[in-house]
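Chemist: I have a structure here, written as structure tokens, and I will follow up with some questions on it.
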């Protein structure tokens, strides 16, 4: 599995800001969008382009355009919604597929409860977004679902990943690409990433 920890100074700075314990909901939400945008820039760097001729201000001009990529953004509810706008800043025409999965606080196992996928999912590359890759359970369950529906191409974008989650994801779905702003130390006994960001969903939505 291709794993890319994006070490651009802007990303490192913004993730550092997100680790502040008393960060406001507004600021955390803004930073999640910004880092999601920067990760999208990196994750799409291998998209092929083609030359096309358009009518410019002074006549025909040859320009580069993305070649034949149908994209669907797949936020994992609910926290993934906090990164979605950052992706759409760069790919505003992308279709949105929504997958609802929560993690049982006792077993730490993923529990699917909702999905609404874009049409022709089998023809699209899926950019799956979720702030935290902790145990990997929710991400694995989401990719299982997408594959069942015929999707063949995936890129996973997360703010912070734990080594345990990366290992689990690679074992279950070695064909995906993972882009993360940080690979942290470990999971604690409650399944939270350390040092991590805390509960990203609560911080994005202002809930406890």
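Glycine residues also receive a Cβ, built from the backbone N, Cα and C atoms like all the rest.
What you see is a predicted model, and the numbers here were worked out from it, not measured in a lab.
For reference, Swiss-Prot lists these features for the protein:
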type    : residues                                                  : note
BINDING : 78, 103, 130, 131, 132, 133, 134, 135, 136, 137, 138, 199 : 5-phospho-alpha-D-ribose 1-diphosphate binding site
BINDING : 193, 198, 199, 200                                        : uracil binding site
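Please go over these features one by one and say how buried each is and what sits next to it.
Modeler: Sequence-distant neighbours of residue 138 (5-phospho-alpha-D-ribose 1-diphosphate binding site) (same chain, 6+ apart, CB under 8 A from its CB) are 76, 101, 102, 103, 110, 130.
A simple way to gauge crowding: the CB of residue 198 (uracil binding site) has 17 other CB atoms within 10 angstroms, across all the protein chains here.
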Chemist: What whole-number Å value do you get for the CA-CA distance of residue 132 (5-phospho-alpha-D-ribose 1-diphosphate binding site) and residue 198 (uracil binding site)?
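Modeler: If we compare the Cα positions of residue 132 (5-phospho-alpha-D-ribose 1-diphosphate binding site) and residue 198 (uracil binding site), the gap is 9 Å.
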Chemist: Determine, using Cα-Cα distances only, which of these binding-site residues is closest to residue 78 (5-phospho-alpha-D-ribose 1-diphosphate binding site): 193, 198, 200.
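Modeler: It is 200, whose Cα lies nearest.
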Chemist: Mind checking which of 130, 199 has the fewest other CB atoms within 10 A of its CB? They're the binding-site residues.
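Modeler: Each of the binding-site residues 130, 199 was scored; lowest Cβ tally within 10 Å is 199.
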Chemist: Looking at the binding-site residues 193, 198, 199, 200, which ones sit with their CA no more than 10 Å from the CA of residue 134 (5-phospho-alpha-D-ribose 1-diphosphate binding site)?
Modeler: 193
Chemist: Quick one: Cα separation, residue 193 (uracil binding site) versus residue 136 (5-phospho-alpha-D-ribose 1-diphosphate binding site), in Å?
Modeler: 11
